[in-house]
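Okay, so here's the structure we're looking at.
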């Protein structure tokens, strides 16, 4: 079974958490694209969705699902998103698709965060296989990079990428993130940082892992 099939399996299993007449939150990325495609089968049963990226908004519209802005809702029953890494405590690194800030905004609206991944995304320590994305206001890029070096990281500017918010991304290598909550707070306090890709303060509530044996739910 290839990686795409495992992603589709996890995405399909997440449909069981979608309530009729609800507005749901969706993230962004390849696994979420599979979920949006599967969600199309329920378009007549839900009110619509709030998306964490312009790309996801376009895919939802293509499926005939009404798109709401985050400003139009006060809360969401569920938020469904993928991850670049996830640890046993359901904390994640996200932001490979540069949508991390909007993903945190929509996740914060949700009563339940459902993370859908394939087995390759499961790690014991965050930062062990994936660089940590940090969204930065452009004028602070060099200043923030120096601070990240001082903290022990090796930041690289993600060339040619501008976020949906008009900012830039620094990918930080060589961070073994032993205390994700404290690291998330510390990085977010650096002037010029919009947010970083550690999702520990708002971790997932449920993980659905697509495996060769089927979808595995971890609550």
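Using the three backbone atoms N, Cα and C, a Cβ is placed for every residue, glycine included.
Annotated features in Swiss-Prot:
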- 103: active site, proton acceptor (ACT_SITE)
- 28, 29, 30, 31, 81, 82, 83, 84, 94, 95, 96, 97, 121: substrate binding site (BINDING)
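Counted within 10 Å of its Cβ, the other Cβ atoms near residue 94 (substrate binding site) come to 28, all protein chains included. The record assigns 28, 29, 30, 31, 81, 82, 83, 84, 94, 95, 96, 97, 121 to the substrate site; their largest pairwise CA distance measures 15 Å. Excluding the listed site residues 28, 29, 30, 31, 81, 82, 83, 84, 94, 95, 96, 97, 121, the same chain places 27, 32 with Cβ atoms within 8 Å of the centre of the substrate site Cβ atoms.
Relative to residue 103 (active site, proton acceptor), the binding-site residues with Cα atoms inside 10 Å are 94, the candidates having been 30, 83, 94, 96. Among the recorded positions 28, 81, 83, 103, 121, the residue whose Cβ has the fewest other Cβ atoms within 10 Å is 121. There are 14 other CB atoms within 10 A of the CB of residue 30 (substrate binding site), with all protein chains counted. The number of other Cβ atoms within 10 Å of the Cβ belonging to residue 96 (substrate binding site), over all protein chains shown, comes to 21. Annotation note: residue 121 (substrate binding site) sits in a helical segment as assigned by DSSP.
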